[in-house]
Amino acid sequence: MFSGSIVALVTPMRNDSVDVHHLRELVEFHIAKGTHALVAAGTTGEAGTLSHSEKLLVIKTVIEQAKERVPVIAGTAMNATKDCIELTQQAMEYGAHAAFIMTPAYIKPTQEGLYLHYSHIAQSVAIPIILYNVPGRTACDMLPETVARLAKISNIIGIKEATGQMTRLQQILRLCEGSIDVYSGDDLTAAQWLLSGAKGVISVTANVAAKLMAKMCDLAMDDDQAGCLRIQEQLMPLHELLFVESNPIPVKWAMKKMGLIGGELRLPMTELSEKHHQALEKVLKNLELI
């Protein structure tokens, strides 16, 4: 249903509020560069610091600006199942093509708790759902066996797996037998995942190198292994630098240098440390992004 380069959009801020103007411009930027789909209000979009109404504003703005030209996947993760259902229903009413739901953070549910969380949500909304497993940020790891159980639910159609472990991809593909699409959630290993059965990548790097990420995915889907890996090698220094501090700190700094956004973050996120500025600027210049 969704494939290729799916950007995990940043949320532009101005004076500690959502910068709707620049958010709309980002949608146009990605459509022009060939990005295949947009994720609004996910981790890279600072969803953890957005209020309920701000999340809805971001989702609604992206949907309205995209005008059905590319799919919009709404980040609707909430720790409480009932709150997640409510937000997902609202995103569906706005016209989101799918919901993107991270595992609950901090509370560390059991595998059975994760199954019940997602199955209750899926039964309550008539919209495709993409699971999101990112244990490095949530302290909660959804195991392949749980993914396989959830894959039997008709509107749970995909998972963003951010461990970057090739064995994890292989386990999910084997256990689910094609009943769920897998998306790379780790830019550093995305090419290898794409060439090993992943349907696409939900990417931080695509915020700045949108055209190259889309091309890399296109080459992978065309089984051009050499071409895909060549672009991945070209992008590797950028991938690495975009994670020298917590996401989205480096990517927002890079986008500010590119003139795409103002670069403001919401506390407790702070601006990129000065010691990383020169290296990131050099990589952006090498890729002809600035």
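Keep in mind that glycine also has a Cβ here, set from the backbone N, Cα and C atoms.
Database features, via Swiss-Prot:
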- TYR132: active site, proton donor/acceptor (ACT_SITE)
- LYS160: active site, schiff-base intermediate with substrate (ACT_SITE)
- THR44, ILE202: pyruvate binding site (BINDING)
- THR43: site 'Part of a proton relay during catalysis' (SITE)
- TYR106: site 'Part of a proton relay during catalysis' (SITE)
Minimum Cα separation from the residue listed as 'active site, schiff-base intermediate with substrate', reported as the residue among recorded positions THR43, THR44, TYR132, ILE202 that achieves it:
TYR132
At the Cα level, what's the spacing in Å between the residue listed as 'active site, proton donor/acceptor' and ILE202 (pyruvate binding site), rounded?
10
Between C-alpha atoms, which of these recorded positions comes nearest to TYR106 (site 'Part of a proton relay during catalysis'): THR43, THR44, ILE202?
THR43
Other CB atoms within 10 A, centred on THR43 (site 'Part of a proton relay during catalysis'):
26
List every residue in the same chain as ILE202 (pyruvate binding site), at least 6 positions away in sequence, whose Cβ is under 8 Å from its Cβ.
ILE6, VAL7, ALA8, VAL39, GLY42, PHE100, LYS160, TYR183, SER184, GLY185
At 10 angstroms around each C-beta, which of the recorded positions TYR106, TYR132 has the fewest other C-beta atoms nearby?
TYR106
C-beta crowding around the residue listed as 'active site, schiff-base intermediate with substrate', within 10 angstroms:
28
Three-state secondary structure, which DSSP defines for THR43 (site 'Part of a proton relay during catalysis'):
coil
